[in-house]
Amino acid sequence: MMIKIISVGKLKQKAFVDLINDYLKRINHYLKCQEIVVSDEPEPVQISNKSLEQIKSKEASKIFKNINQNDFVIALIIESNIISSETLAKKIQQWLNTFSHDICFIIGGSNGLHESIYERANYHLSMSKMTFAHGLAKVMLCEQIYRALSILNNGKYHK
């Protein structure tokens, strides 16, 4: 069992990449964690609702290639459950105790996630009602996963 953090689009900001890599190393101290980045689709100059759905559908197909049938999937979505760090820790513990497969956190690209990802997800999670830059959201997710595992293992990180 491991945690997979699946996101759409490669980050260009070195500062975000460095922070994510640091948190991934910390997470791996407690539980194996893998970062998976699927390529985002190019956007036409003038984007219609139809082409937006096609883009999200193609990105969803790439995401699904990295999810196994029995994986527990958490989709990040603004219009969803906002929970505390302590509650996330309890939920991760519950998921680890209940499911024998991987736990997958999914972060969409700039256009969000396709409806099929939301339908497949076992849980919807929001970090805030605010919108964050893609890289910042990924850093925040990694930090919260590390914090949750630190809480579960009585680490000194969470005070």
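Note: Cβ is positioned from N, Cα and C throughout, glycine not excepted.
Site annotation (Swiss-Prot): S-adenosyl-L-methionine is bound by Gly108, Met127, Ser128, Lys129, Met130, Thr131, Phe132, and the candidate from Leu31, Leu52, Leu76 recorded at this site is Leu76.
Around the Cβ of Met130 (S-adenosyl-L-methionine binding site), the number of neighbouring Cβ atoms within 10 Å comes to 7. Spanning the listed S-adenosyl-L-methionine site, residues Leu76, Gly108, Met127, Ser128, Lys129, Met130, Thr131, Phe132 have a farthest Cα to Cα distance of 16 Å. Its Cβ taken as reference, Leu76 (S-adenosyl-L-methionine binding site) is surrounded by 22 other Cβ atoms within 10 Å in the chains shown.
DSSP assigns Leu76 (S-adenosyl-L-methionine binding site) to a strand in the three-state reduction. Under a cutoff of 8 A between CB atoms, and with a sequence separation of 6+ in the same chain, the neighbours of Phe132 (S-adenosyl-L-methionine binding site) are Met140.
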